[in-house]
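Asks: Pasting a structure below so you can have a look.
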Amino acid sequence: MNLENEKIKSPPKKQINITELANMMNKLSTIMSKNGEPMKSRAYQNAEDTLLGITEPITDIEQLKGKPGIGSTMIEKMKEFVETGTLKLLEKEKENPINVLTDVYGIGPKKAKELVEKGITTIEKLREQQNEVLNDIQKVGLKYYDDILERIPRSEIDEYNEVFERVFKKVAEEDSRYEIVGSYRRGAKTSGDIDVIITSKNDSVFKQFVDELLAEKVIIEVLSRGKTKCLVITKLGSKHARRVDFLYTIPEEYPFAVLYFTGSKAFNTVMRGHALKMGYTLNEHRIKKNIASLETSPGKSPTKSPIKDIKEEKDIFDLLKLEFKNPVERMDGRAVIPLGPIQIVDRLKKEKTIKKREPKEPKPPKEPKEKTRKKREPKVKKTEEAKEDTKEEPLVIEPAKIDEMKIEEAIVIPEKAKKTRKKREPKEPKPPKEAKEKTRKKREPNKPISPKEEIKIEKEPKNNDIIIPDMPSSKEKRQSPKGTEGLLEEFKIKGFAFIETLSEKQLSDMVKVANDYYYNTKTALLTDNEYDIIKEYLERKYPKNAVLEEVGAPITKNKVKLPYEMASMDKIKPDSNALPGWLKKYNGPYVISCKLDGVSGLYTTEGDTPKLYTRGNGTIGQDISHLLSVLHLPKESGIVVRGEFIIPKKVFDEKYKNEFANPRNLVSGIINSKTVDSKAKDLHFVTYEVIKPVLKPSEQMDKLKELKHEVVRNKTITELSNDILSEILIEWRKSYEYEIDGIIICNDEIYERKSGNPDHAFAFKMVLSEQMAEAKVVDVIWSASKDGYLKPRVRIEPIRLAGVTIEYATGFNGKFIEDNKIGVGALIQIIRSGDVIPHIKSVTTPAEHAKMPLVPYTWTATKVDIVLENAGEDITVREKNITAFFVSLEVDGLSSGNVKRIMTAGFDTIAKILKMTKEDFKKVEGFKEKMIEKVFNGIHEKVGKASILDIMVASNLLGRGLGERKIKPIIEKYPNILTTNETNEEKIKMLRGIEGIGPENAKSFVNNIPVFMDFLKECSLEGKLSEAPKRVEITSVESNIDKSGPLYQKKIVMTKVRDKEIIDYLVKVGASLEDNIKKDTFVLIVKTHDDVSNKTKYATENNIPIMTPQEFRDKYMN
């Protein structure tokens, strides 16, 4: 008994401090941003946002698994932090020079990287060279660096408050107020800086207040100053200098600003989330109602006006029905406490349903020609009522894309059927059934809600005239809306970038025409994946477009109302964290079956005679009972089954491959044919569902087998994971006799048949695991390098792996793209291992054609890369070469952006820029006196100091791959090779005798000597030729190095990092910097030990030491 009591009284698990975890993620995000790793930074930021929104107690890190943005990588880091109180990565990054330098006010990651490349890796070195490398603001930041880093005691901020109050009274008007916010207002003992919010109807009070503090020399430096924000450095007597931010806000926004800038961040995050649930948007400026009220009339825009009568912070709490918390209580999200249950959630969902209807109201008057069709809107109204029941779930479940096989069934048939086949008007009562179908399909357009934030889409003016052209019957001449077929062809050539330029009407027309061809002809205009790309983009950009409500295409013959609705299947979104959410609702066992890639059908023996139908739009199908004569299906009465019309892969390859593009096109042709010919004998009807009698999925499969139907491949399992499903999908794709485009997962229970896609089942169509996924290619983007080489970047539909959204992968080279037919619609496997840049592991389904560049190009001799024809005339290539020239010579201020501005002003060659006067620079947009002085002086100083070797390297004119490492030994051995009279053949032979110079390098160098000499003449730099002997003299001195040194003649490789200090040191000690890692590589230098690449893998396998720059310095340079 005592033992039992002891167990009962055992202490509960210690609660994990979520705020500390969030702060850790914030630090990691900041570090990654500073180090030029935006994807990693965003991943950590997403994890932080998730953690800040957690209010329930967490006692085990595993409780966080599967939450948005938290994958296995995040879990491991959090476990390490909880167990050790820190992270190895955080400790290591404290010594990273970039992180140290960016702590100086005014120095960002880019500037810090430039400084490190110049060998400035410490604050001490920066102070020594500040006049050469820093601007005025950065010098101020450096001057007060130590003071700014030091925390400010609360007592000192109290003193500032007394000073501010005294000065403020001098300038304040009756309504003027100010407040010190931030951690000070929350009662913190120390703060990083001081934030002051000032308000007054007269905004000049803000200016006067700052002026007074300047006059009293409280403000000692102004870092930036505007009408509403002033960032300064202040000082009280002999105390340390402090960073202070003064912010102005109008009185109406003052309560919101004070609330927001008081924090804490976690409190703000949860409070804003609560506001959203209540139907409001809350920020530092205002609170707005962001949904239509129940009283809003259909068709009117939702209310978005700010809520009035908010005078104090407490008014915001009262409006949101929250318990008021004093600032000192706002430590984290747990301080957000509702006063009662949130009643407005159900209302919110209804209001969103109303909101979805709005675009449909104005359509009829906009297009008189469409009124015939639009008169059928009453049927749509029924549909919309049905839609209200299904809108709620997509707000929670966010599948990312539409089911690839059934996506084509997204066109409402009766509306068009009425216009094109008016004799069928008696069948008009069918649309109410379609309303159900629309309710079902309405869920699919909502799938891309999540990617909507991740895909970068330029907003276009919305086209309110959503005009859907008629689709003719098969008896009439098939005509698409003007130019639509041409648009489809252009999309196949130009890719995703092309459809981003199209209007809403053009996109919807493309979907309709593609549907019509797919359903009513023997020829499809697009592949499944190409079609998906267009439709999913339309869904993301114009989610209320009428075409998205429609299913299939108008049935043009033997049209009948189906005895049972034939729903399609939701597709799980491409997010490695999506499946766990579904598994929480459904405990299994689970029936897995192949998702056949044919034409869906229904077979019934309920009536006097057996009947066979196509799925059509799920409600209206086609009677194809004439095919029963060749299918020989079981005839036991009272049975209704679903199946797929399909032809085995082997039969298709042997008999039809040369005549038809794919098996499904052949099947469509057989089904749409009026006669039963010999091809129909090869048609199979593979069943996968029993509608009647009612059975659970596993029993359905047994029943189908018992009835002697051909049954789809299936298996029942008790556990599910992305890896398990991926393995099954890969295996069944290879071994099954039929084409499949995924697998179906169904919880093995009986569920009532309802209109719409079932929740208890989903389609898994693309391989998905923690580090690997399949994705559709939406574009291949070719960009020219400074050498004119065209390099491919593969754009994919957004997928999420381990909490990170991935939209691009490297395409390697032209040969890889062409050989693997990587183009629009290709299905590829993406791998992201160890947080490195994603790359293509393999191609699951190639595109019809590889998407090669549209500009003229030629292949290199190796047939691996492609090169622009007339590369020197290409504006992008010229800009990259000009930028590279000045960056190589370390001219400050001439990076890509400024070079583009200079070129726009007409100075579009290196020679022209070298000859620019200060007056010329005044013609460049954005160039003011200070910038002109900096760039003008920088050019003349750096070019003047540059040697002939520096100019040769910077010019990039002597051939691809010929940089300093290869040109330098040439100039050292043959200092006059540019001007001597040997023949080209003799010079090539001379160069071949130099170690590291191969035949291609030698030939390229010699053949380009005349080009380089012309460049020197054009730039008036011929005088540099006389400097070559001096260079040899210097290098001969450098050759007298200690040959017993540990780095002498050693080969060093750097990956993802370039450290100028180390590179210069290698020259002094006789080591060489190599591009490629080999077994004789001495050390591989990486940016961080977290980087994983082919080079790091090779180094590990071959026992080659891997070091960071700092580790290399510590071991060999100190």
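Using the three backbone atoms N, Cα and C, a Cβ is placed for every residue, glycine included.
Keep in mind that TrEMBL annotations are predicted by a computer and have not been checked by a curator.
Pulled from TrEMBL, these are the listed features:
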DOMAIN    15-331  domain 'DNA-directed DNA polymerase X'
DOMAIN    62-81  domain 'Helix-hairpin-helix DNA-binding motif class 1'
DOMAIN    99-118  domain 'Helix-hairpin-helix DNA-binding motif class 1'
COMPBIAS  348-370  compositional bias 'Basic and acidic residues'
REGION    348-397  region 'Disordered'
COMPBIAS  380-397  compositional bias 'Basic and acidic residues'
REGION    413-483  region 'Disordered'
COMPBIAS  425-437  compositional bias 'Basic and acidic residues'
COMPBIAS  450-463  compositional bias 'Basic and acidic residues'
DOMAIN    502-891  domain 'NAD-dependent DNA ligase N-terminal'
DOMAIN    919-938  domain 'Helix-hairpin-helix DNA-binding motif class 1'
DOMAIN    989-1008  domain 'Helix-hairpin-helix DNA-binding motif class 1'
Asks: Can we call the domain 'Helix-hairpin-helix DNA-binding motif class 1' (62-81) and the domain 'Helix-hairpin-helix DNA-binding motif class 1' (919-938) in contact, meaning three or more C-beta pairs below 8 angstroms at a sequence separation of 6+?
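Replies: They are not in contact.
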Asks: Residues of the same chain, at least six outside the domain 'Helix-hairpin-helix DNA-binding motif class 1' (989-1008), with any C-beta under 8 angstroms of its C-beta?
Replies: 957-962, 965-967, 969-970, 973-974, 977, 982
Asks: On the DSSP side of things, how many residues of the domain 'Helix-hairpin-helix DNA-binding motif class 1' (99-118) fall into helix, strand and coil, could you say?
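Replies: The breakdown for the domain 'Helix-hairpin-helix DNA-binding motif class 1' (99-118) reads 12 helix, 0 strand, 8 coil.
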Asks: State the residues, same chain only, that lie 6 or more residues beyond the ends of the domain 'Helix-hairpin-helix DNA-binding motif class 1' (99-118) and have a CB under 8 A from a CB inside it; answer 'none' if no residue qualifies.
Replies: 31, 33-36, 93, 126, 129, 133-135, 137-138, 140-142, 144-145, 148-149, 223, 243, 890, 1058-1061
Asks: Using DSSP, break the domain 'Helix-hairpin-helix DNA-binding motif class 1' (62-81) down into helix, strand and coil residues and give each count.
Replies: 13 helix, 0 strand, 7 coil
Asks: Tell me the residue counts in helix, strand and coil for the domain 'Helix-hairpin-helix DNA-binding motif class 1' (989-1008), as DSSP assigns them.
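Replies: DSSP composition of the domain 'Helix-hairpin-helix DNA-binding motif class 1' (989-1008): 13 helix, 0 strand, 7 coil.
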